[in-house]
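K.L.:
For reference, TrEMBL lists these features for the protein:
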BINDING   B:28-35, B:145-148, B:V174, B:182-185  ATP binding site
ACT_SITE  B:H35  active site, proton donor
BINDING   B:Q59, B:Q151  (R)-pantoate binding site
BINDING   B:Q59  beta-alanine binding site
2 protein chains.
Amino acid sequence: MKVITTIEGMRAYREEQQDRSVGFVPTMGYLHEGHMSMVESSTKENDRTVVSIFVNPLQFGPDEDFDNYPRNFERDRKIAESYGADAVFYPSTEEMYPRKRTISLNVIDRTDVLCGPSRPGHFEGVATVIVKLLQIIQPGRMYLGQKDAQQVAVLEGLVADFNIPTEIIPCPTVREEDGLAKSSRNVNLTEQERKEAPFLYKSLKQAEKMAEKGERDPEAIKAEITKMIQENTSGTIDYREVLSYPYLKPATPEDEKWICAVAVYFQHARLIDNIILTISQKGESI
Amino acid sequence: MKVITTIEGMRAYREEQQDRSVGFVPTMGYLHEGHMSMVESSTKENDRTVVSIFVNPLQFGPDEDFDNYPRNFERDRKIAESYGADAVFYPSTEEMYPRKRTISLNVIDRTDVLCGPSRPGHFEGVATVIVKLLQIIQPGRMYLGQKDAQQVAVLEGLVADFNIPTEIIPCPTVREEDGLAKSSRNVNLTEQERKEAPFLYKSLKQAEKMAEKGERDPEAIKAEITKMIQENTSGTIDYREVLSYPYLKPATPEDEKWICAVAVYFQHARLIDNIILTISQKGESI
């Protein structure tokens, strides 16, 4: 497996693969099974798989956990290699952002909900680094975790709006045995918080049960999610939302799919999770 | 020569050229010798040359000349073919902008001067369509007219910021015998205005003479440009500026290069022109 730290080096590697299909898994490192299932999907579907490891300062707010974000490149390198990645792109911040930018991106849709309000500038930062990575790596397919459902929605808009020749492949959320969604941020939980954290998913499964029994009032479902998280964790709810999917508009019984999504602040980590529910059978599923 | 009207068709054409170098000349049609000199440069330096013809609504302001912009595809097709273009990309507005956009671009530098203030949103529109065209056509080189010097500066920022793998090749302004810069908009001049229009370039040549004689006061040069245009044309000056180049900051005697640029409103056409002056010999030219 190649470790590439410069844009020029990455372009040269890509040039060598010219006639081969390339899959791309963008990450901020501290790889876990969620990432690895994406790498596995990519290795099955492409001749070459490139994993990027870059903690992107642009997508962190001033009060967010950029400094606190876990980093361990040697560990990541070994994991990526063991799962069959062909190359790791591991640039420095200076390599990716060498000078003051002259152009910025504005995400004008799908960001007024969920993580948008509490993370101003976050999706702009994500979109910016992804545009750059897609131009440098030029993959045919990019693998994204469905756990970051809003990120998937925003990046699907990006790729469509700018005609970027990369297909987005959303990958199912990988979970611990107790249901907690795998996340690099989980290591920042205290022992007690780690025991409480599975209640994010439990509250979403409860929402799923309610919907299966015919509940179509988003407010009733939201109230139940709130209750379960408040009664079972020491965290502070950032949001719990029930929205149409993938449009992220207010949920109605006519929607084909809903997304139930939660974000909870613990002491040193903000965790998110979501579940997609099939509501109306009218149309084709998406 | 191929005429391609769909994005899918353009991607298929590009795929066929995989191992060949591709040069790209973006235009809004109504081709003139300025465009053709770019096509000629491209055919010399690349295996294949693609010309796009797309009057991009996004770069016109609400009061600007989108409807009035001259169009004649049959004429353009013949000209492009005669100059050796291999393909013309000629999409409809619906093909390029099929739905409400979810992401927009903000040009945050080099737009507070020259055409920026009088054309709010213009460079965002240019940058957006160029990102899209570069993703669809994927050229190694893109040829731009130096007449639109600010456009060149903005797009060089765009390509650098987003790591787009396309080199920008600025091409010298092509002029009529009387010095008027070739422009698709020239056909919208009245007979009388057409006689006056060469004074844009004459005023810039006068500025060049002053600088050659040692004048280093931008205000004195601007005053002379104003005088020449006001005394010899019926147009209204939008701006006449002397700025550092390519940074587009206030000119100082220490700058290596200056750009002298003018924009003049005539009845049905707004014309621009510019000239680059070497001021200080301290550094390497750019």
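Cβ atoms here come from the backbone N, Cα and C positions, even for glycine.
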K.L.:
Neighbour count, 10 Å Cβ-Cβ cut-off, for B:L31 (ATP binding site): what number do you get?
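P.N.:
Result for B:L31 (ATP binding site): 26 other Cβ atoms within 10 Å.
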K.L.:
Among all the protein chains here, how many other CB atoms are within 10 A of the CB of B:Q151 ((R)-pantoate binding site)?
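P.N.:
Cβ-Cβ neighbours of B:Q151 ((R)-pantoate binding site) within 10 Å number 23.
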K.L.:
To the nearest whole angstrom, what is the C-alpha distance linking B:V174 (ATP binding site) and B:Q151 ((R)-pantoate binding site)?
P.N.:
16
K.L.:
Other Cβ atoms within 10 Å is the metric here; tell me which of the binding-site residues B:M28, B:V174 scores highest.
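P.N.:
Of the binding-site residues B:M28, B:V174, the most buried by Cβ count within 10 Å is B:M28.
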K.L.:
Give me the non-local Cβ neighbours of B:G34 (ATP binding site): same chain, 6+ apart in sequence, Cβ-Cβ under 8 Å, ordered along the sequence.
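P.N.:
Spatial neighbours, sequence-distant, of B:G34 (ATP binding site): B:G145, B:K147, B:C171, B:T173, B:V174, B:A181, B:K182, B:S183.
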K.L.:
Work out how many Å separate B:M28 (ATP binding site) and B:Q59 ((R)-pantoate binding site) at their Cα atoms, rounded off.
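P.N.:
On Cα coordinates alone, these residues lie 11 Å apart.
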K.L.:
What does the structure give for the C-alpha distance between B:Q59 ((R)-pantoate binding site) and B:S184 (ATP binding site)? Integer Å is fine.
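P.N.:
Here the two Cα atoms are 15 Å apart.
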K.L.:
Express the distance between the Cα positions of B:S184 (ATP binding site) and B:H35 (active site, proton donor) as a whole number of Å.
P.N.:
10
K.L.:
Within 10 Å of the Cβ of B:Q146 (ATP binding site), how many other Cβ atoms are there?
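P.N.:
A count of 18.
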